[in-house]
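Q: From TrEMBL, for reference:
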- 12-225: domain 'Glucosamine/galactosamine-6-phosphate isomerase' (DOMAIN)
- D67: active site, proton acceptor (ACT_SITE)
- N136: active site, for ring-opening step (ACT_SITE)
- H138: active site, proton acceptor (ACT_SITE)
- E143: active site, for ring-opening step (ACT_SITE)
Amino acid sequence: MNVRILNSREDLNATAATVIASLLLSKPQAMLGLATGSTPIGIYRHLADMYRRGQVSFARAYSVNLDEYVGLSPEHPQSYRSFMNEHLFQHIDIPISHTRVPDGNALDLTAECVAHEQAILDHGPVDLQLLGIGHNGHIGFNEPGHSLTGATHVVDLKERTRSANARFFGDIDAVPRQAVTMGVGTILKAKQIILVAFGAEKADILKQALTGPVTTECPASLLQCHPNVLILLDQEAGGWLK
Ligand code: F6R
(Lines of atoms letter the chains of each structure in order from A and count residues from 1; the text may use other names and numbers.)
(Lines give C-alpha, C1' and ligand atoms only; values in the text may rest on other atoms or scores of the structure.)
Protein backbone atom coordinates (compact mmCIF):
# COMPACT_ATOMS: atom_id res chain seq x y z
CA MET A 1 0.00 0.00 0.00
CA ASN A 2 1.16 3.48 -0.82
CA VAL A 3 0.48 5.69 2.22
CA ARG A 4 0.80 9.47 2.00
CA ILE A 5 0.39 11.84 4.92
CA LEU A 6 -0.60 15.31 3.79
CA ASN A 7 -0.03 18.53 5.70
CA SER A 8 -3.65 19.64 5.72
CA ARG A 9 -7.13 18.51 4.80
CA GLU A 10 -7.00 20.94 1.92
CA ASP A 11 -3.88 19.20 0.56
CA LEU A 12 -5.55 15.85 1.06
CA ASN A 13 -8.70 16.91 -0.82
CA ALA A 14 -6.67 18.47 -3.63
CA THR A 15 -4.45 15.38 -3.95
CA ALA A 16 -7.40 12.99 -4.16
CA ALA A 17 -9.21 15.24 -6.66
CA THR A 18 -6.08 15.48 -8.80
CA VAL A 19 -5.72 11.68 -8.95
CA ILE A 20 -9.37 11.38 -10.05
CA ALA A 21 -9.05 14.19 -12.61
CA SER A 22 -5.82 12.68 -14.01
CA LEU A 23 -7.58 9.38 -14.53
CA LEU A 24 -10.38 11.12 -16.44
CA LEU A 25 -7.86 12.95 -18.63
CA SER A 26 -6.24 9.66 -19.65
CA LYS A 27 -9.53 7.71 -19.75
CA PRO A 28 -12.58 9.99 -20.20
CA GLN A 29 -14.98 7.03 -20.10
CA ALA A 30 -13.59 5.76 -16.77
CA MET A 31 -15.90 4.26 -14.18
CA LEU A 32 -15.54 5.90 -10.78
CA GLY A 33 -16.57 4.14 -7.58
CA LEU A 34 -17.83 6.85 -5.25
CA ALA A 35 -18.38 7.18 -1.51
CA THR A 36 -20.52 9.40 0.70
CA GLY A 37 -20.13 10.63 4.28
CA SER A 38 -18.07 13.57 5.58
CA THR A 39 -14.77 12.44 4.11
CA PRO A 40 -15.31 12.95 0.36
CA ILE A 41 -17.19 16.27 0.56
CA GLY A 42 -14.03 18.40 0.15
CA ILE A 43 -12.78 16.16 -2.66
CA TYR A 44 -16.05 16.62 -4.53
CA ARG A 45 -15.84 20.38 -3.99
CA HIS A 46 -12.36 20.36 -5.55
CA LEU A 47 -13.56 18.29 -8.50
CA ALA A 48 -16.46 20.70 -9.07
CA ASP A 49 -14.00 23.63 -8.99
CA MET A 50 -11.72 21.86 -11.47
CA TYR A 51 -14.71 21.23 -13.74
CA ARG A 52 -15.73 24.92 -13.56
CA ARG A 53 -12.17 25.91 -14.48
CA GLY A 54 -12.30 23.58 -17.50
CA GLN A 55 -9.64 21.28 -16.06
CA VAL A 56 -11.71 18.11 -16.12
CA SER A 57 -14.85 16.76 -17.76
CA PHE A 58 -17.09 13.93 -16.61
CA ALA A 59 -19.20 13.93 -19.77
CA ARG A 60 -18.17 10.39 -20.77
CA ALA A 61 -17.52 9.03 -17.28
CA TYR A 62 -19.62 6.54 -15.34
CA SER A 63 -20.06 6.35 -11.59
CA VAL A 64 -21.27 3.73 -9.21
CA ASN A 65 -21.78 4.37 -5.51
CA LEU A 66 -20.82 2.09 -2.69
CA ASP A 67 -24.03 2.08 -0.75
CA GLU A 68 -27.48 3.39 0.14
CA TYR A 69 -29.76 3.20 3.15
CA VAL A 70 -32.64 0.74 2.94
CA GLY A 71 -36.05 2.39 3.16
CA LEU A 72 -35.05 5.88 2.00
CA SER A 73 -36.40 7.02 -1.34
CA PRO A 74 -33.86 8.61 -3.70
CA GLU A 75 -35.54 11.98 -3.00
CA HIS A 76 -35.13 11.69 0.78
CA PRO A 77 -32.74 14.46 1.90
CA GLN A 78 -30.51 11.96 3.74
CA SER A 79 -30.41 9.40 0.93
CA TYR A 80 -27.02 8.88 -0.62
CA ARG A 81 -28.56 9.69 -4.02
CA SER A 82 -29.49 13.14 -2.66
CA PHE A 83 -26.01 13.47 -1.16
CA MET A 84 -24.34 12.73 -4.49
CA ASN A 85 -26.61 15.13 -6.39
CA GLU A 86 -26.00 17.88 -3.85
CA HIS A 87 -22.24 17.49 -3.40
CA LEU A 88 -21.12 16.43 -6.87
CA PHE A 89 -23.46 15.52 -9.69
CA GLN A 90 -25.33 18.83 -9.96
CA HIS A 91 -22.01 20.72 -10.14
CA ILE A 92 -20.39 18.72 -12.97
CA ASP A 93 -21.26 17.49 -16.45
CA ILE A 94 -21.74 13.79 -15.76
CA PRO A 95 -25.00 12.58 -17.38
CA ILE A 96 -27.27 11.44 -14.53
CA SER A 97 -28.01 8.32 -16.60
CA HIS A 98 -24.30 7.43 -16.20
CA THR A 99 -24.55 7.51 -12.40
CA ARG A 100 -25.76 4.67 -10.23
CA VAL A 101 -26.56 4.75 -6.54
CA PRO A 102 -28.32 1.63 -5.23
CA ASP A 103 -32.07 2.13 -4.76
CA GLY A 104 -32.61 1.46 -1.07
CA ASN A 105 -36.34 1.75 -1.58
CA ALA A 106 -36.58 -0.98 -4.22
CA LEU A 107 -39.41 -3.45 -3.61
CA ASP A 108 -37.09 -6.33 -4.46
CA LEU A 109 -33.80 -5.55 -2.77
CA THR A 110 -32.20 -8.81 -3.92
CA ALA A 111 -32.90 -7.87 -7.54
CA GLU A 112 -31.54 -4.38 -6.82
CA CYS A 113 -28.27 -5.88 -5.54
CA VAL A 114 -27.99 -7.99 -8.72
CA ALA A 115 -28.72 -4.90 -10.84
CA HIS A 116 -25.97 -2.97 -9.08
CA GLU A 117 -23.44 -5.70 -9.85
CA GLN A 118 -24.68 -5.83 -13.45
CA ALA A 119 -24.21 -2.07 -13.87
CA ILE A 120 -20.59 -2.48 -12.80
CA LEU A 121 -20.16 -5.32 -15.29
CA ASP A 122 -21.80 -3.28 -18.07
CA HIS A 123 -19.60 -0.20 -17.80
CA GLY A 124 -16.79 -1.32 -15.52
CA PRO A 125 -14.65 -2.60 -14.08
CA VAL A 126 -14.38 0.25 -11.63
CA ASP A 127 -11.20 2.12 -12.58
CA LEU A 128 -10.88 4.00 -9.32
CA GLN A 129 -12.77 3.32 -6.10
CA LEU A 130 -12.86 6.10 -3.51
CA LEU A 131 -13.29 4.90 0.08
CA GLY A 132 -13.66 6.38 3.54
CA ILE A 133 -13.31 4.23 6.65
CA GLY A 134 -15.78 3.76 9.49
CA HIS A 135 -14.66 4.00 13.12
CA ASN A 136 -15.14 0.23 13.32
CA GLY A 137 -13.15 -0.45 10.15
CA HIS A 138 -16.06 -0.77 7.76
CA ILE A 139 -15.60 0.06 4.08
CA GLY A 140 -18.79 0.74 2.20
CA PHE A 141 -21.21 -0.63 4.77
CA ASN A 142 -19.33 -3.92 5.14
CA GLU A 143 -19.47 -4.16 8.90
CA PRO A 144 -16.98 -6.16 11.01
CA GLY A 145 -18.01 -9.73 11.80
CA HIS A 146 -17.15 -13.41 11.52
CA SER A 147 -17.57 -13.31 7.76
CA LEU A 148 -17.90 -10.85 4.90
CA THR A 149 -19.98 -10.97 1.73
CA GLY A 150 -18.33 -10.58 -1.67
CA ALA A 151 -21.06 -9.12 -3.86
CA THR A 152 -23.55 -6.28 -3.35
CA HIS A 153 -25.95 -7.24 -0.56
CA VAL A 154 -28.26 -5.99 2.18
CA VAL A 155 -26.53 -5.49 5.51
CA ASP A 156 -27.66 -4.80 9.07
CA LEU A 157 -25.92 -1.66 10.30
CA LYS A 158 -24.02 -1.83 13.58
CA GLU A 159 -25.21 0.49 16.33
CA ARG A 160 -21.83 2.24 16.24
CA THR A 161 -22.36 3.05 12.57
CA ARG A 162 -25.92 4.24 13.20
CA SER A 163 -24.82 6.50 16.04
CA ALA A 164 -21.89 7.90 13.98
CA ASN A 165 -24.32 8.74 11.18
CA ALA A 166 -27.03 10.12 13.47
CA ARG A 167 -25.36 13.54 13.04
CA PHE A 168 -26.83 13.68 9.54
CA PHE A 169 -30.34 12.73 10.70
CA GLY A 170 -30.48 14.71 13.94
CA ASP A 171 -31.98 11.74 15.78
CA ILE A 172 -30.63 8.18 16.02
CA ASP A 173 -34.13 6.71 15.69
CA ALA A 174 -34.36 8.20 12.20
CA VAL A 175 -31.20 6.37 11.03
CA PRO A 176 -32.13 3.33 8.93
CA ARG A 177 -31.18 -0.08 10.34
CA GLN A 178 -30.13 -1.60 7.04
CA ALA A 179 -28.27 -0.62 3.90
CA VAL A 180 -27.46 -1.97 0.46
CA THR A 181 -23.70 -2.09 0.03
CA MET A 182 -21.16 -3.27 -2.50
CA GLY A 183 -19.44 -6.27 -0.98
CA VAL A 184 -15.72 -6.42 -0.29
CA GLY A 185 -15.25 -8.69 -3.31
CA THR A 186 -16.75 -6.03 -5.55
CA ILE A 187 -14.67 -3.29 -3.92
CA LEU A 188 -11.45 -5.28 -4.31
CA LYS A 189 -12.13 -5.78 -8.04
CA ALA A 190 -11.53 -2.05 -8.63
CA LYS A 191 -8.31 -1.41 -10.56
CA GLN A 192 -7.23 1.27 -8.12
CA ILE A 193 -8.47 2.16 -4.65
CA ILE A 194 -7.98 5.44 -2.80
CA LEU A 195 -8.84 5.38 0.89
CA VAL A 196 -9.05 8.82 2.46
CA ALA A 197 -9.26 9.59 6.18
CA PHE A 198 -8.77 12.60 8.36
CA GLY A 199 -8.97 13.40 12.05
CA ALA A 200 -7.53 11.85 15.21
CA GLU A 201 -10.65 9.75 15.75
CA LYS A 202 -9.70 7.59 12.74
CA ALA A 203 -6.07 7.00 13.85
CA ASP A 204 -6.66 3.82 15.90
CA ILE A 205 -8.74 2.03 13.30
CA LEU A 206 -6.29 3.01 10.57
CA LYS A 207 -3.47 1.51 12.61
CA GLN A 208 -5.42 -1.76 12.83
CA ALA A 209 -6.39 -1.71 9.16
CA LEU A 210 -2.96 -0.88 7.77
CA THR A 211 -0.63 -2.70 10.14
CA GLY A 212 -2.76 -5.33 11.89
CA PRO A 213 -3.80 -8.77 10.67
CA VAL A 214 -6.05 -9.13 7.62
CA THR A 215 -9.34 -10.04 9.26
CA THR A 216 -13.09 -9.84 8.67
CA GLU A 217 -13.24 -8.12 12.08
CA CYS A 218 -11.66 -5.09 10.39
CA PRO A 219 -12.96 -5.06 6.81
CA ALA A 220 -10.57 -2.28 5.74
CA SER A 221 -7.65 -4.61 6.55
CA LEU A 222 -8.55 -6.57 3.41
CA LEU A 223 -7.18 -3.65 1.41
CA GLN A 224 -3.73 -4.99 2.34
CA CYS A 225 -4.40 -7.70 -0.29
CA HIS A 226 -5.09 -5.25 -3.13
CA PRO A 227 -2.22 -4.49 -5.51
CA ASN A 228 -2.98 -0.79 -6.10
CA VAL A 229 -4.13 1.10 -3.01
CA LEU A 230 -3.34 4.71 -2.22
CA ILE A 231 -4.02 5.80 1.37
CA LEU A 232 -4.30 9.55 1.88
CA LEU A 233 -4.27 10.74 5.49
CA ASP A 234 -3.93 14.04 7.27
CA GLN A 235 -1.47 14.51 10.14
CA GLU A 236 -4.07 13.70 12.81
CA ALA A 237 -5.14 10.43 11.21
CA GLY A 238 -1.68 9.30 10.09
CA GLY A 239 0.86 10.94 12.40
CA TRP A 240 1.39 7.61 14.21
CA LEU A 241 3.03 6.22 11.05
CA LYS A 242 6.04 8.51 11.33
C1 F6R B 1 -20.08 5.89 2.67
C2 F6R B 1 -19.38 4.72 3.14
C3 F6R B 1 -18.80 4.62 4.52
C4 F6R B 1 -18.05 5.87 4.95
C5 F6R B 1 -17.54 5.72 6.37
C6 F6R B 1 -16.84 6.97 6.85
O7 F6R B 1 -20.51 5.72 1.34
O8 F6R B 1 -19.31 3.80 2.42
O9 F6R B 1 -17.93 3.52 4.56
O10 F6R B 1 -16.98 6.10 4.09
O11 F6R B 1 -18.61 5.45 7.22
O12 F6R B 1 -17.77 8.00 6.96
P13 F6R B 1 -17.31 9.50 7.22
O14 F6R B 1 -16.61 9.93 6.00
O15 F6R B 1 -18.60 10.25 7.43
O16 F6R B 1 -16.43 9.46 8.42
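Keep in mind that glycine also has a Cβ here, set from the backbone N, Cα and C atoms.
Here the structure is a predicted model, which means the values were calculated and not measured.
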Q: C-alpha of D67 (active site, proton acceptor) to C-alpha of N136 (active site, for ring-opening step): distance in Å?
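A: Just about 17 Å between their Cα atoms.
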Q: Among all chains shown, work out which of the active-site residues D67, E143 has the most CB atoms within 10 A of its CB.
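A: The largest 10 Å Cβ neighbour count belongs to D67.
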Q: Hey, how far is N136 (active site, for ring-opening step) from E143 (active site, for ring-opening step), Cα to Cα, in Å?
A: 8
